[in-house]
Structures are given as C-alpha cells and as structure tokens.
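S.K.: Straight from Swiss-Prot, here's the annotation block:
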type	residues	note
DOMAIN	11-193	domain 'tr-type G'
BINDING	ASP23, HIS24, GLY25, LYS26, SER27, THR28, ASN140, LYS141, ILE142, ASP143	GTP binding site
Amino acid sequence: MNKEEMNARQKKIRNFSIIAHIDHGKSTLADRILEQTGALTHREMKNQLLDSMDLERERGITIKLNAVQLKYKAKDGETYIFHLIDTPGHVDFTYEVSRSLAACEGAILVVDAAQGIEAQTLANVYLALDNDLEILPVINKIDLPAADPERVREEIEDVIGLDASDAVLASAKSGIGIEDILEQIVEKVPEPSGDVNKPLKALIFDSVFDAYRGVIANIRIMDGVVKAGDRIKMMSNGKEFEVTEVGVFSPKATPRDELLVGDVGYLTAAIKNVGDTRVGDTITLANNPAEEALDGYRKLNPMVYCGLYPIDSSKYNDLRDALEKLELNDSALQFEAETSQALGFGFRCGFLGLLHMEIIQERIEREFNIDLITTAPSVIYHVNLTDGSNIVVDNPAEMPEPGVIESVEEPYVKATVMVPNDYVGAVMELAQNKRGNFITMEYLDDIRVSIVYEIPLSEIVYDFFDQLKSSTKGYASFDYELIGYKASKLVKMDILLNAEKVDALSFIVHRDFAYERGKIIVEKLKELIPRQQFEVPIQAAIATKIVSRSTIKALRKNVLAKCYGGDVSRKRKLLEKQKEGKKRMKQIGSVEVPQEAFMAILKMDESK
C-alpha cells in the first residue's frame, strides 16, 4: 500500500466506544451495530455478543474489554472502517475505561430515556472529556412507556453541558435509530491523527492470556506500522519481544499482514506474562524506538484486600493454580500466601474494588470448583509508629499494639450519589452514619439531586452500596474516586473465643463506634456458633480492655435421670462429677467457627 492509499484509508477510519451506566442498553446497542454493519449473520448473533464471560451475561455487566472492526457503507457511498471498543461501565474498572477511551476519537453516550443521567454515566463522560473525545449523545429505550426523551435531552444539556439538540432517539432493542447513530459517527467522529512514517507507538488497552499463543495484546496504533516479524519493546519496562502475528477482531480474530496508523487490533509475540503488557503501556519498535511514551500510563494498585481460604484445606494448591490463571488475565489482581490459626493456609488477595473482589471469588468457585471462606475485606492503612517509622497494614491481624502507634491514616474517597429528591434525607443519614463529611449538593432538575460526600473507604467496602440501594428503593446510583489519606482515631478490635484470639475475626474500627460494633458482633457470634459441651465466653477486646462479652451456655446431659428418688448426696456426687468433666473439657476443648461467623463481620451494620 503506497502513501496516498494509506492516507486515504486513514481518513475513512472511525474509532469510538460506547459509554453508559449499567443497564442503559450499551451491550444491546453494540449488538445492533454489529448486526446493522453486517459483521454477523443473524444465525451467529446472540445477545450481549461482546460480553463473552458467563458472569458478564448473568450480571448484565461488561468486565473485560472487547474491540471489533466493522465495515459500514455510509449514505455518501463510501465504505468506512469502524472500530468499536467496548468498555466496562463499573467504577472498579475506571482505569480500564480511561485507557480504552484513549484509544478512541469519539464516544457514544447512551442515556436511558426513562432513568436519565446516572452517577457512572457522568464519571465516564468526564473521562471521555479528559481524553478530548467527540461525544455523541443517544437517548435509548424511547419505546418504554416511562420514556421522557425531552426531559433527558434537557438533563444532558444542563448536567453535562453537551449540546443535545441533535441527540439520536433510539431503541437498541427494537433497532430504532441505529442507522442515524452510524451516520453521526461518520460525520462527527474525527479521523485518527498520527503519522505512518513516524516510529511505532501503539497503546495497549487490554490483554488476554491464551494457553497456546501467550499474551494477546489489544492495541491501538497511534503512529507508525507494526507487522509480524518486527522486534518490539515495551516502554514501561524495556522488555523486548518478536511479533508472531497481528490482526483485527471482526468479531473473530482475523490475522492481517500489518496494522497501520489508526487501526485497532491485536498482536501476539510469545509473551508469557500479562504483567509485561500492562494496560496503558506503549509498544514501540526495538530498533527504531519512539522518543517518549504515550501519556496516562500508571500501575494499578489494589484498594481492597481480603483473605481467601479453601474450605477443604487439601485444595490449597488448586487455589494457588486458580489465582495464577486469573492473574494471567488480570494484572490488577495481587495475592500472596498467608496462614491463619483459625482458617489454615490461604492467600491474601488485593483487588481494585468490591465488584472486582466478588467477581474473582465467583470465578474461582465456578470455573475451578473450589469452595472458599473469605475474610472481611480491609483497606490499606498507613501507620505512623512512635519511633518515627511508618508501616503499611493491609491485614487487621498485623496491626501493631496500640502502645507503639503514634497515628493511623486511612484512605478517603469522594462519593457522588445521584438520587430522587424524596430520598435525600435517607442518603444523608446513611453517609453521616458512615463517618461522611458533606461537601456539596445540587439539584439536577425538579426530581434528581447529586450529593457529594467524603467518606472513609473502609466504610464503603462493607455494605455501603447494599444499604444505599435499600434505603432509596434501588433508585440511587453511586460512584467514588480515591482522594488520599487522612488521620483517624482507629483501633484494632480482637475477638476472643474461649479466651483465645481468632485472628481471622479481627477488624479495624473507629474508636467512637468500637463499643457498639463490639456488642453487635459478640451477640451475632453467640447466635451463629453452635453450643458446645462446655460453656464458651465470647469477648470483644481493644488491646487488653474487654469492651463486650457474652457466653454460649453449655449443652448438658441430665445425669440425674437414672436416680428416681434417691438420696440428695448421691445426686450431688453425680453433678460434681459432671462439673469436673466439663472443666477438664473446657481446658482442652476447641471451638469450631462456622463460615457464617466470618460473614457476620461483614454484615454487622445491618442490625444497627
């Protein structure tokens, strides 16, 4: 292909993604676009085609990214090359969204005609604006009885400040308005900039591990050309590989001779480790490298930690294999081996957020058939010690004794909640209970309000989202971003069973809430732990001070049953003998803690 042909081809490329809040119809719209452009025959079509994981289909969310090349013959008679890059919509995967948006020049903003703008729609729109994308608003689900497209149009203009006068009214489900969307992409989304003669610069926006070909990196070519046989270099770590294949997804992987400027496709190079192809990194040629990498790359650090233990301890090695396999596709997942006196051998795992944690747990249980016990999630605390040193604690059991702690800092997030104004009071009460500081509140229209709070991340990781949904009858939508660390009065609470600490039940709590949390958890454990042959005291303690206690009464056999009348001294002798036996049992007896007891720590707020 000569230079003129390359330039002409570049002018026909349109790279775009679809951004939307969960359930506003993003995956359905992607399905319709694939159908309309003839990428798939009707026979191959299935709903949520780009959501390839079962879990994605069931939960109706997109977790992994997918990129598809489509050909579209526009009304002007020209054939255009579309690259549709699917993005996850959930707050845990914000970084992945920002990188996949960086691979585009335009974004279709899908807003539900009945529900209007939600918190995550806004969060993703701001990401798109940061990447200077052309945003095309689409008001979806106009065939719903509750649809009010005019109100939503005003909302888009007032809340986001986009001109929505020519927003497409569509229904992805019934296929209304799809052609208008495709025409708008041709007219409004800019062609890719970039120079085919410059050294190669390719942005990695996703990578997947394949057992036979190694890592398959999804890339967008910003400058230059890449073809099989090229020696490439990763700019963040300097590692070099030889390209074995390049190609595009249409939607099946289709090998090509080369990928040119503006193309979105994949590349394989016998890379063994997904950690070498980190999302956001820049690929260049080893013998003719680019001078500087593309902006915006950062290493992802986990925000939430929890312990995963196999219920059957013989499956420990299987769990390690499962985590290693998941890590191949998920460079944000971190894990290290740990042991607990109560739970045996397991792993301490780090996740991007709560959804990420749930998905990993569910995939281990489903795909690898391992039943898990999970400990309460915790965040990373910065602890300043009295000798002037600092340590980082991600496991409550590792928190030092109070005597050596100068201060403890915990991560705070800025939480944005969008909610109908009938529920403002409920949301504010919930945020206050979670130690939130009120920042701002604004009315988006007559019905909906946006409320912003600063809340400690540790309060959100328990069950903030569930409580928010139940206190607003499911109408609230929620988004958060990390803003930094602040000092707090935090203490570690230990739970003692039969005077022995159970390390897996320790948790970190604010001093002001310590007494009531201790009381709740002791009562809950009393209900959940089965009665033993001897009585079991349950205590909640901060350092050496016991703040709450309860006792599980012993089961006892009626040793007097055989006495009938009998002398009182005979009865007393039998009772004394039983008492002796119970005492001896208590000294050597151990208490089995059921899985529900660990979950009780997570759910303790609900009984307040």
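Every residue, even glycine, has its Cβ placed from backbone N, Cα and C.
It should be emphasised that the depicted structure is a prediction, and the values quoted were computed from it without experimental measurement.
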S.K.: According to DSSP, which kind of secondary structure is SER27 (GTP binding site) found in, if we only use helix, strand and coil?
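M.R.: Reduced to three states, the DSSP call for SER27 (GTP binding site) is helix.
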S.K.: Run through the Cβ atoms and count how many others sit within 10 Å of the one on GLY25 (GTP binding site).
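M.R.: Step by step: centre on the Cβ of GLY25 (GTP binding site), count other Cβ atoms within 10 Å, giving 23.
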S.K.: What number of additional C-beta atoms lies within 10 angstroms of the C-beta atom of ILE142 (GTP binding site)?
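M.R.: Around ILE142 (GTP binding site), other Cβ atoms within 10 Å: 20.
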S.K.: Which one of these binding-site residues has the most other Cβ atoms within 10 Å of its own Cβ: SER27, ASN140?
M.R.: ASN140
S.K.: Going by DSSP, give the three-state secondary structure for ASN140 (GTP binding site).
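M.R.: Once the DSSP labels are grouped into three classes, ASN140 (GTP binding site) ends up as strand.
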